[in-house]
Number of protein chains: 2
Amino acid sequence: MKPVKVGLLGLGTVGGGTVTVLARNAVEISRRAGRGIEISHAAARAYDPDRIQGLDRIGRIGDDAFAIVNDPDVQIVVELIGGYSPARELVLQAIANGKHVVTANKALIATHGNEIFAAARDRGVMVGFEAAVAGGIPIIKALREGLAANHIEWIAGIINGTGNFILTEMRDKQRDFADVLAEAQALGYAEADPTFDIEGIDAAHKLTILSSLAFGVPLRFEHCFTEGIAKVGALDVAYAAELGYRIKHLGITRRSAGGIELRVHPTLIPERRLIANVDGVMNAVLVKGDAVGPTLYYGAGAGALPTASAVVADLVDVVRTLTTDPSNRVPHLAFQPDELADIPSLPMEAVQTAYYLRLSALDQPGVMARIASILADQGISIEAIKQKEPAEGETHVPLVMLTHRVIERQMNTAIAQIEALDSVQGEVTRIRMETLSG
Amino acid sequence: MKPVKVGLLGLGTVGGGTVTVLARNAVEISRRAGRGIEISHAAARAYDPDRIQGLDRIGRIGDDAFAIVNDPDVQIVVELIGGYSPARELVLQAIANGKHVVTANKALIATHGNEIFAAARDRGVMVGFEAAVAGGIPIIKALREGLAANHIEWIAGIINGTGNFILTEMRDKQRDFADVLAEAQALGYAEADPTFDIEGIDAAHKLTILSSLAFGVPLRFEHCFTEGIAKVGALDVAYAAELGYRIKHLGITRRSAGGIELRVHPTLIPERRLIANVDGVMNAVLVKGDAVGPTLYYGAGAGALPTASAVVADLVDVVRTLTTDPSNRVPHLAFQPDELADIPSLPMEAVQTAYYLRLSALDQPGVMARIASILADQGISIEAIKQKEPAEGETHVPLVMLTHRVIERQMNTAIAQIEALDSVQGEVTRIRMETLSG
């Protein structure tokens, strides 16, 4: 089957990321979608060709965005220009021309979404906007589909990475707001004009969208109460910590007796909550449903590739709908049935992990050296050792070690040799260890 | 449009929960799905009619499960019996009869999924199994759709609530495994025969499913390495903590050079990781994609209503596909466009929250009493007060208060009155506070 043809508006951060993800993961994406996805036509005023991997796969690059929404070959328009205008006109024109649309534009959806969705419905086209809220976290899909059984009670989200980075730095380093903001700007985490981020307007756009998805009301950005983080002092962060709280810039929407709350403001939350421990530029959205209880969705809320992850997920959604019969729209195992691969399973003996080891060794000179030499012979290096004091009258002491990563087979050999030592009592307790970072 | 007719197999914990959710949220669910969902026929050997809310809405309850999969009126069969047989025969018969299937049965999918999906594909019906992994967390949807742009690198999950409850209790209370297990059984968190949970078999079923979704390989439960938590000692939990680690029973699947790792075992992980702080019976799945980076999905992994949340989400998925044209399958704002409600937005003045207040007050007798009396007059009660020592030569001291929940309007009044006091210097800093628990 021929690839689906996509027209791309914008080759900035997210546009470039989208080109890269579509190029890099082209095979896997088409194994999932049932069909290739090709950017046949892109438009950008200016872009840096050296910084975008996969640019050579784009059919044609011009500078006229309207040429794309009017290009009869383009089936799906991806709008990554941002802002209100001409994004609104471009999206409406694409819809009028019968094209599906995918956008990452939270300002556009929050303020013109009602109009855009009505037009899309009339014309029978899809508008995907997963990338508009919380970057790569599939929170829109979770709310619209995954939690569809629930009466949603409230949502609280850290949905602006810049604001969260600033508050995290203020806490970790006891620094003042202005100071951290300057650093964030230098690092590129904050815009030269940071108003949208630190005043909460960006978060308000996203919260407006989440609120409508949760409660089934039209988008009403103008009803959102917004308070920024500029007035939070280093002192407040410290006092909150003394009382067992963290300060986060939250977007909160709640269904209460008098109506729907829609508010963005700095908020003290108990430090034991998982969301209180979401730090730096990361985002998280906590959703309370009556059936499911609290669920939390965490990940990167911005950046080229994370946001592109959501843009391309929307593309796959559209392509699956265009391509397959409805009952097989989403393959049972994510990949099309004839695209399942026969990658072998790795036997446990061949798996590489780090280890925690605990054993009971004779409290005598030379014992530790013997153990260390057995480990070294198997290529196992030790990251940390803790030797405990012997209990009164005990000749053996507990010895605890953390090792670096090694193939399990070698660890098995080493453990068998250690257990065979006269100076070691009983079995070696072994628990695998993972950093979960790579 | 007439409601979709569902046949329900099983009225146990999850079956009862499904009946309850469909009854309780009937209006909201049909506003989302575009059509009502009706249980026209259910089968159970035994059930407790007094414990299931909404039972009166079921058309007919019998004890013959095969009568349901052969009932020509039933369009979707929900299998909540569990186990391998007769669940497998029932599901295959339902598919052969052209019915869509929704199941929460992880053992069935992990071991017979390949056969079931092939049959479903031949017959052109859908098989939903969101509830089979991590209960109410929409992790299958996230992997199959939300992260479809990514090359998935690895997944690590806390996917058995019983095991996590035991390890959490061992750490929090320095108790031994056997001891905590007995308590978990008494509380109903662990089965009388806890083998499936504590040996990791249940987790292995779920991990097998996640691995196939991530890497596009057939289901291969028999390749999963499984080690239980029985050998983890209270001592190991304590030593790990001293070294900055927590022990969790993780399911890990990773694409490494030699093949796919598929393993369930106790694992030390750094305590700073979000997933290390997932405690009690809660589940969480951490997914690393090449584009999106790490994302985490957290929520209740078991229980009547959370699991029913996933079952009903699958039902809504099927109903949306059966009912609407493909392009409008999922409404833009989650609810069908003609079902959006005009619930008012609550003005900020009418919102109720707790507050953190900080002010600078004269260090004199009577000042605190004045402030407390202003708050009391507005019906604001104080939860905590911290008064700091005055700095050398300062006549004013910082005063920090946490209040209970109050309407914002009253707090505004109180703050205006406090700021008008001669004994208070400058403005009152006010930050809202939320427990995020209710």
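For all residues, glycine too, the Cβ spot is worked out from N, Cα and C.
Under DSSP, A:Lys206 (active site, proton donor) is assigned to a helix (H, G or I) in the three-state scheme. Close to A:Lys206 (active site, proton donor) in the fold, though at least 6 residues off in sequence, lie A:Lys106, A:Ala110, A:Ala132, A:Val133, A:Ala134, A:Gly157, A:Ile159, A:Asn160, A:Gly251, each with a CB less than 8 Å from its CB. Per TrEMBL, the feature active site, proton donor maps to A:Lys206.
If you look up TrEMBL, you'll see A:Lys106 marked as NADPH binding site. A helical conformation is recorded for A:Lys106 (NADPH binding site) in the three-state DSSP classification.
Classification of A:Glu191 (L-homoserine binding site) by DSSP places it in coil, neither helical nor stranded. Among the features that TrEMBL reports, L-homoserine binding site is placed at A:Glu191.
Per TrEMBL, domain 'ACT' is recorded for A:356-433. Shown for the domain 'ACT' (A:356-433): DSSP residue counts in helix, strand and coil, namely 23 helix, 33 strand, 22 coil.
In the structure as shown, the Cβ atom of A:Lys106 (NADPH binding site) sits within 10 Å of 26 other Cβ atoms. Of all the Cβ atoms in the protein chains shown, 14 others lie within 10 Å of the Cβ of A:Glu191 (L-homoserine binding site).
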